[in-house]
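In what follows, a single structure is set out as structure tokens and then discussed.
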Amino acid sequence: MSDSRAADKKAYDNRLRPAIRSHQRTPSGSRDFKEATKRDALARVEVELERLLSTIPETRRPQMHKEFQGFKKLFSRFLAEQGPSMTWEKIEKLPEGAVIDYASLKTPTTDNVHHMLDKLVVVKLNGGLGTSMGCKGPKSVIQVRNELTFLDLTVQQIEHLNKTYKCNVPLVLMNSFNTDDDTQKVIRKYKGLKLDIHTFNQSCHPRINRESLLPIAKDGNVYSDIEAWYPPGHGDFYESFYNSGLLQKFIKEGRTYCFISNIDNLGATVDLNILDLLLNPDPQKYVSEFVMEVTDKTRADVKGGTLIQYEDKLRLLEIAQVPKEHVDDFKSVSQFKFFNTNNLWAKLDAIQRVVEQGSLNMEIIVNNKHLSDGLNVIQLETAVGAAMKCFEGGIGVNVPRSRFLPVKKTSDLLLVMSNLYSLSHGSLVMSPQRMFPSTPLVKLGDNHFAKVKEFLNRFATIPDLIELDHLTVSGDVTFGRGVSLKGTVIIIANHGDRIDIPSGAVLENKIVSGNLRILDH
């Protein structure tokens with residue numbers, strides 16, 4: 001290096017050195033940096049949302065503007081919050097009376113029921129697709145029993161209620177942009193029934209690139225790039241119900257409470273005893289604006305949300321909110337006895353109040369997704385039960401397990417299609433022959449049973465499960481006609497092997513493994 005270039009470099013280094021030294025003397029600016037990047041992220045998202053709004057037809061803009069306002073609130077809270085949304089040490093023991101035993105509720109007299117039901121609205125959360133079970137379209141149109149779908153069974157239940165008690169309980173479906181079109185086509189077939197069906201759509205929010213924290217949508221046409229959008233969880237119910245105008249309509253009609261549940265929970269029928277508790281409360285106690293049905297936790301439910309007392313309020317605690325070092329405590333059946341069935345009862349005027357006050361601050365669930373094009377995105381969601389802390393006089397009711405019959409996987413479908421249940425006016429009733437009130441624990445291998453079509457092809461008829469406690473099936477296994485399973489049955493076909501359980505077989509406390517094929521001669 002020439003002398004002049006070396007001198008220049010030395011002078012340049014000297015100019016830099018004081019700056020470097022002074023930087024080292026100040027405390028780390030990482031917090032300021034993070035705050036600045038967050039402010040920047042919010043500002044950039046606001047600009048991007050305005051751009052997306054400008055690409056939407058004018059007729060749809062006011063609605064989309066409301067939904068984007070909701071998204072901005074979620075996004076700014078997401079940027080502001082760090083770590084778990086609660087301090088583990090502040091969890092208190094549930095106070096006496098916080099959870100009422102269902103058996104202690106009184107049954108209303110028949111002459112009262114008609115007036116009580118006129119105060120009720122039934123809401124089903126119908127935003128989910130059947131993709132996890134290999135089905136196209138809304139999950140609610142999957143056939144679950146006797147060629148009837150979730151939606152058919154729900155409609156049958158409400159119609160039977162209306163006919164029996166000469167009332168007019170409306171059914172409200174909260175759809176998403178994924179399920180609305182298909183649902184509208186399906187509900188036309190119910191026109192001749194004694195039942196008013198109303199629908200509204202939950203919000204449509206933009207998915208966010210995990211790295212840039214910007215929406216990935218190119219324009220506001222949701223259906224041109226459906227992967228760029230998502231429905232923000234069922235916690236969006238309250239604001240979307242309010243924005244739809246249906247909430248105000250029902251209040252004007254003199255209705256008081258709504259019963260909210262998942263469309264795929266076949267145990268979530270209208271319960272007159274709980275309705276009576278709400279409409280005819282003990283004069284010594286607060287009026288309950290919110291009731292969460294909980295049921296006893298078993299080892300199969302360790303990940304389900306639970307009820308806790310926190311900062312003098314009952315609230316829902318989900319596993320996503322638990323600090324890592326306390327996850328085992330959360331899963332403990334002795335520490336947390338109950339889990340949330342997502343069957344909820346909420347007072348209509350209280351919903352109106354919390355929405356208008358802007359006091360709904362449900363915990364944010366950050367859902368990481370990996371799209372088909374390899375992009376990593378985040379969706380910000382909330383859970384409908386998390387709003388419990390925003391209402392007054394919230395209580396839990398410990399209900400029988402029969403009120404929690406969700407169909408999330410084909411293993412659940414096997415139970416509800418079996419002789420464990422009979423169908424009565426759209427409601428599943430457990431067989432009196434079953435010795436225990438609990439359902440068997442069933443695990444079916446994902447590789448061969450996860451999709452409904454594949455699952456159905458593996459059973460010539462659904463086996464007799466009346467005396468079954470536990471079933472595990474893994475590998476290439478098929479069942480003939482009239483098979484009976486009792487006690488604990490484990491069937492494992494190793495890779496490359498196949499097991500055909502022959503027609504009429506009775507398996508009681510058996511392990512079947514290896515290779516078993518009976519061929520027609």
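Note that Cβ sites are derived from N, Cα and C of the backbone, with glycine treated the same way.
Lifted from TrEMBL, the feature list:
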type	residues	note
BINDING	LYS139, GLN202, GLY233, ASP264, LYS408	UTP binding site
BINDING	HIS234	substrate binding site
COMPBIAS	1-16	compositional bias 'Basic and acidic residues'
REGION	1-37	region 'Disordered'
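On the structure: features taken from TrEMBL.
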{"residue": "LYS139", "record": "UTP binding site", "Cβ neighbours (10 Å)": "24"}
{"residue": "GLN202", "record": "UTP binding site", "Cβ neighbours (10 Å)": "27"}
{"residue": "GLY233", "record": "UTP binding site", "Cβ neighbours (10 Å)": "24"}
{"residue": "HIS234", "record": "substrate binding site", "Cβ neighbours (10 Å)": "26"}
{"residue": "ASP264", "record": "UTP binding site", "Cβ neighbours (10 Å)": "22"}
{"residue": "LYS408", "record": "UTP binding site", "Cβ neighbours (10 Å)": "14"}
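For the pair LYS408 (UTP binding site) and HIS234 (substrate binding site), the C-alpha distance works out to 16 angstrom. Pairwise Cα distances among LYS139, GLN202, GLY233, ASP264, LYS408, which the record gives as the binders of UTP, peak at 21 Å. Note: the Cα of LYS139 (UTP binding site) and the Cα of the residue listed as 'substrate binding site' are spaced 15 Å from each other.
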